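One structure, pasted below without further comment.
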Amino acid sequence: MTTLAIDIGGTKLAAALIGADGQIRDRRELPTPASQTPEALRDALSALVSPLQVHAQRVAIASTGIIRDGSLLALNPHNLGGLLHFPLVKTLEQLTDLPTIAINDAQAAAWAEYQALEGDITEMVFITVSTGVGGGVVSGGKLLTGPGGLAGHIGHTLADPHGPVCGCGRTGCVEAIASGRGIAAAAQGELAGANAKTIFTHAGQGDEQAQQLIHRSARTLARLIADIKATTDCQCVVVGGSVGLAEGYLALVETYLAQEPAAFHVDLLAAHYRHDAGLLGAALLALGEKL
């Protein structure tokens, strides 16, 4: 059976066909619409899936935000151009006439990355550092989603009570500091208005401010990981996302984590499936998990 997997992120929309063998075929992408209207997202999704849906028997969606009763509820609306609510499952069933499931993108990615781990691991946490900061928790070999879909939204835990206001409404969230959007928002002077990718490029060229912004992000993430270790006693933490997988970033996080007391150390791994983890995880969950 072939699954049409869809990944809805703050920067891009991706879709692919995934067979029962887990192989990804016909992957395609579109920019996430910047408009605040549900119609803009619906139109973009229609354009994305229309060439693929005839080859699939079901749809599995991995999306940023809280997924509750098949709908997307944005915890940080800025990550989707201000969109607060979107009926994901209903919309895709109407567009494709196929049975559809939906799950948070980081939760889906966590499940895919868990399948790739070697050894006897039952406790794992996945963190994605990209436009925002998200996560997924596997405990006892099972993915935690929570009754309201909030489980794993670790980017909205407190990093600095005097830090910037986050799009979720809290002050000083990890996401407001460590994410690509947070890195860019803190840039000043010649870097003001630059995106995270540009800031990483400047850091590689020796720009002191760019390097400080990236170190600030990595230090914040390391402290989050120490908190996660204290909370879950996980056996490993897998890091993904465009910032998390940027050259040199994970090594910086490891350096800052090593400065924490030994009890809070944990093995850090780069995401195995990289940018395809959300797609694959959603398809795997459609195969055998009740959401």
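A Cβ is built for glycine as well, from the same backbone N, Cα and C atoms used for every other residue.
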Would you identify which residue of His153, His156 Swiss-Prot lists as part of the Zn(2+) site it also attributes to Cys166, Cys168, Cys173?
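Record source Swiss-Prot; matching candidate: His156.
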How big is the gap, in Å, between the Cα of Thr11 (ATP binding site) and that of Cys173 (Zn(2+) binding site), rounded to a whole number?
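Cys173 (Zn(2+) binding site) has its Cα 20 Å from the Cα of Thr11 (ATP binding site).
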Measuring Cα to Cα, tell me the gap between Gly134 (ATP binding site) and His156 (Zn(2+) binding site) in whole angstrom.
8
When you rank His156, Cys166, Cys173 by Cα distance to Val138 (ATP binding site), which of the binding-site residues ends up on top as the closest?
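When the Cα distances are compared, His156 comes out closest.
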Between Gly9, Gly132, Gly134, Gly136, which of the binding-site residues has the fewest other CB atoms within 10 angstroms in the structure shown?
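Result for the binding-site residues Gly9, Gly132, Gly134, Gly136: minimum number of other Cβ atoms within 10 Å at Gly9.
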10 Å Cβ neighbour count around Cys168 (Zn(2+) binding site)?
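Cys168 (Zn(2+) binding site) is surrounded by 19 other Cβ atoms within 10 Å.
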Taking only the binding-site residues Ala5, Gly132, Gly136, which one has a CA atom nearest to the CA atom of His156 (Zn(2+) binding site)?
Gly132
